[in-house]
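Chemist: Let me give you the structure first, and then I'll get to my questions.
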């Protein structure tokens, strides 16, 4: 590769490089002609520290050594991709904001304080924050908004999500995104109308509420179905993920996009240009 071509490469760092998603991200970065892996980070105490990131991802040696300190490599990257845990991502946002490094965040389960850290960081650097990076899911969000506007509160809305038995949070970030899309289209505050599962003597279903139900089992990558249940008809919008590479490739696509954007917080629909449509 010529020196001129090399200047065009986007240097990417990956948090959780040895995890399932991290390994997929490394492969996706190498598959994308615009990006190069330049930093791979694992938690302190990980047995993978010191290993070659490419060998860990089973794609061949990349000469990128896994480290346990983001600060040690922060100046080597243009953008950081973080699919980890809320507490870790909170710290990483502060480091990136201090060093003017863009971020792509796929971590879910933030509390209010961590959301405030995200908002503050996005005042200093450009950040893509999404619960799901697949094109199909983000297209589904647009369709959900259309359906919610058409039905209004005349239809009862129930969301059912299913994931593998290893997932540690529920409901999924994608389920929240779908519920938020419906609530926003209906002019509702999601926190005021959401119902998480049902048990016991719940009484009659309250009109306008949005139900969310979580299933965990096996190795399901991610299934989401939103039901609009009206008198005399039911409309279902379903997305099923069949390969994690879908999410990884989408996150890398977001990384190539965010480095060209001004400071601010964006979502995957911004990346895909879907916000240009009704």
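The backbone N, Cα and C atoms fix where each Cβ goes, and this holds for glycine too.
According to Swiss-Prot:
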ACT_SITE  163  active site, proton donor/acceptor
ACT_SITE  167  active site, proton donor
BINDING   16, 17, 18, 19, 20, 21, 42, 106, 107, 108, 130, 131, 132, 133  NAD(+) binding site
BINDING   43  NADP(+) binding site
BINDING   164, 173, 174  (S)-2,3,4,5-tetrahydrodipicolinate binding site
Chemist: Measure the Cβ-based neighbour count of residue 43 (NADP(+) binding site), defined as the other Cβ atoms within 10 Å of its Cβ.
Modeler: 15
Chemist: Which residue, of the binding-site residues 16, 18, 173, has its CB surrounded by the fewest other CB atoms within 10 A?
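Modeler: It is 173 that, of the binding-site residues 16, 18, 173, has the fewest other Cβ atoms within 10 Å.
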Chemist: If we check Cα distances from residue 173 ((S)-2,3,4,5-tetrahydrodipicolinate binding site), which of the binding-site residues 20, 42, 132 wins as closest?
Modeler: 132
Chemist: Filter the recorded positions 43, 163, 164, 167, 174 down to those whose C-alpha lies within 10 angstroms of the C-alpha of residue 16 (NAD(+) binding site); answer none if the list is empty.
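Modeler: Among 43, 163, 164, 167, 174, the ones whose Cα sits within 10 Å of that of residue 16 (NAD(+) binding site) are 43.
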Chemist: Nearest to residue 42 (NAD(+) binding site) in three-dimensional space, by Cα, is which of the recorded positions 163, 164, 167, 174?
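Modeler: Closest candidate to residue 42 (NAD(+) binding site), judged by Cα separation, is 167.
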Chemist: Between the Cα atoms of residue 132 (NAD(+) binding site) and residue 43 (NADP(+) binding site), find the distance and write it as a whole number of Å.
Modeler: 23
Chemist: Just to confirm: which same-chain residues, 6+ apart in sequence, have a Cβ under 8 Å from the Cβ of the residue listed as 'active site, proton donor'?
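Modeler: Long-range Cβ contacts: 216.
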Chemist: What residue among the recorded positions 20, 163, 164 has the most other CB atoms lying within 10 A of its CB?
Modeler: 163
Chemist: Could you tell me the C-alpha distance between residue 163 (active site, proton donor/acceptor) and residue 174 ((S)-2,3,4,5-tetrahydrodipicolinate binding site) in angstrom, no decimals?
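Modeler: About 11 Å separates the two Cα atoms.
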Chemist: Non-local Cβ contacts of residue 107 (NAD(+) binding site) (under 8 Å, 6 or more apart, same chain)?
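Modeler: Expected: 82, 83, 84, 85, 86, 88, 89.
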Chemist: Return the member of 18, 20, 43, 130 nearest to residue 164 ((S)-2,3,4,5-tetrahydrodipicolinate binding site) in space, with distance defined Cα to Cα and candidates limited to these binding-site residues.
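Modeler: Out of the listed candidates, the nearest Cα belongs to 20.
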Chemist: Using DSSP, would you call residue 164 ((S)-2,3,4,5-tetrahydrodipicolinate binding site) helix, strand or coil?
Modeler: coil
Chemist: Count, for each of the binding-site residues 132, 174, the other C-beta atoms lying within 10 angstroms of its own C-beta, and report the residue with the smallest count.
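Modeler: With the binding-site residues 132, 174, fewest surrounding Cβ atoms within 10 Å: 174.
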Chemist: Validating a neighbour-count step here. Other CB atoms within 10 A of the CB of residue 42 (NAD(+) binding site): how many?
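Modeler: Residue 42 (NAD(+) binding site) is surrounded by 25 other Cβ atoms within 10 Å.
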